[in-house]
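These features come from Swiss-Prot:
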DISULFID  Cys73-Cys76  disulfide bond
DOMAIN    29-171  domain 'Thioredoxin'
SIGNAL    1-22  signal peptide
TOPO_DOM  23-182  topological domain 'Lumenal'
TOPO_DOM  204-217  topological domain 'Cytoplasmic'
TOPO_DOM  239-273  topological domain 'Lumenal'
TOPO_DOM  295-306  topological domain 'Cytoplasmic'
TOPO_DOM  328-350  topological domain 'Lumenal'
TRANSMEM  183-203  transmembrane segment
TRANSMEM  218-238  transmembrane segment
TRANSMEM  274-294  transmembrane segment
TRANSMEM  307-327  transmembrane segment
Amino acid sequence: MNWLFLVSLVFFCGVSTHPALAMSSNRLLKLANKSPKKIIPLKDSSFENILAPPHENAYIVALFTATAPEIGCSLCLELESEYDTIVASWFDDHPDAKSSNSDTSIFFTKVNLEDPSKTIPKAFQFFQLNNVPRLFIFKPNSPSILDHSVISISTDTGSERMKQIIQAIKQFSQVNDFSLHLPMDWTPIITSTIITFITVLLFKKQSKLMFSIISSRIIWATLSTFFIICMISAYMFNQIRNTQLAGVGPKGEVMYFLPNEFQHQFAIETQVMVLIYGTLAALVVVLVKGIQFLRSHLYPETKKAYFIDAILASFCALFIYVFFAALTTVFTIKSPAYPFPLLRLSAPFK
């Protein structure tokens, strides 16, 4: 009787400490289908049950992130939508989360620190995470929940980073039928269609006007200047590196410029610099040519013409000074050692 009791006790302990915590693939699939994005949330009460092995040939990918503005994790914000795209790509081809070439399944989970004022998720404490984002993959027959592999997250952005993550998942799981499906961006197609339609219509209805516009020196000068300003403001750099629009500061504020960084920038920095350079160029043109044009067409016979010219020139010079001060402020933010600031205009740009 004692022998039978001991055997039963050992069997019960072994089952309850290891397999009982594990979830079947069907249960994981039900949890994934309950989520709108097919991502299983790792709650404090259930994350151990979800991640604990064995998983019946199921690999589980877990993202630990913190999108709270107070944290200031710009990479977390970037990875948020990229992770959604990766998960959607897998489930679009595999609605049952199972590979077409094998019995292997892949599920995706996530725990997010959205409000630092509340308690830190237990999953963060359990895995002793000191930084985010972190990407783990749990194998089906690992000895314990702590036996997992880390998927490195590169500094590349957009599709390149998503492809690298998918490639890492394929290597760990030996699943070959995992492809990235990027959502179709209809904006450039619709924009190109509308512009083409309007251009063809104008050429058909107003051919003389369109040819006069095309042959206009002013139009070509404006377009050439705008192109040069965009290039010197790192527009091409943004297109090549696919830089993020803006950053998040330590207090949750929006960052327009990367301090002390001449080699890196946010995309919005290009927009600000185009505005500054474009305004300066326009003001110089108005100062040199515009005032004369206004005088000859609006007040050619006015006795106080020179007085009006002086007022307009003074306003142009004042605005040139203000925008040039903004330009030097940007240089000061990018390099605090820059010794020639004109005005303290740093507040709008930080």
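Backbone N, Cα and C atoms are what each Cβ position is placed from, and that goes for glycine too.
A sphere of 10 angstroms centred on the C-beta of Cys73 (disulfide bond) encloses 20 other C-beta atoms. Of all Cβ atoms in the shown protein chains, 22 besides its own fall within 10 Å of the Cβ of Cys76 (disulfide bond). Tertiary neighbourhood of the transmembrane segment (183-203): same-chain residues 85, 209-210, selected by CB-CB distance under 8 Å and a gap of 6+ residues from either end. Taking Cβ pairs closer than 8 Å, the transmembrane segment (218-238) reaches residues 265, 267, 269-270, 273-274, 277-278, 281 in its own chain, all 6 or more past its ends.
Mean model confidence of the domain 'Thioredoxin' (29-171) amounts to 90 (pLDDT, 0 to 100 scale). Here the topological domain 'Cytoplasmic' (204-217) has no long-range neighbours, meaning no same-chain residue at least 6 beyond its ends has a C-beta under 8 angstroms from one of its own.
The helix, strand and coil residue counts that DSSP assigns across the topological domain 'Cytoplasmic' (295-306) are 6 helix, 0 strand, 6 coil. Away from its own ends, the topological domain 'Cytoplasmic' (295-306) comes close to no residue of its chain (no Cβ-Cβ distance under 8 Å at least six residues beyond either end). In the topological domain 'Cytoplasmic' (204-217), helix, strand and coil residues by DSSP number 11 helix, 0 strand, 3 coil.
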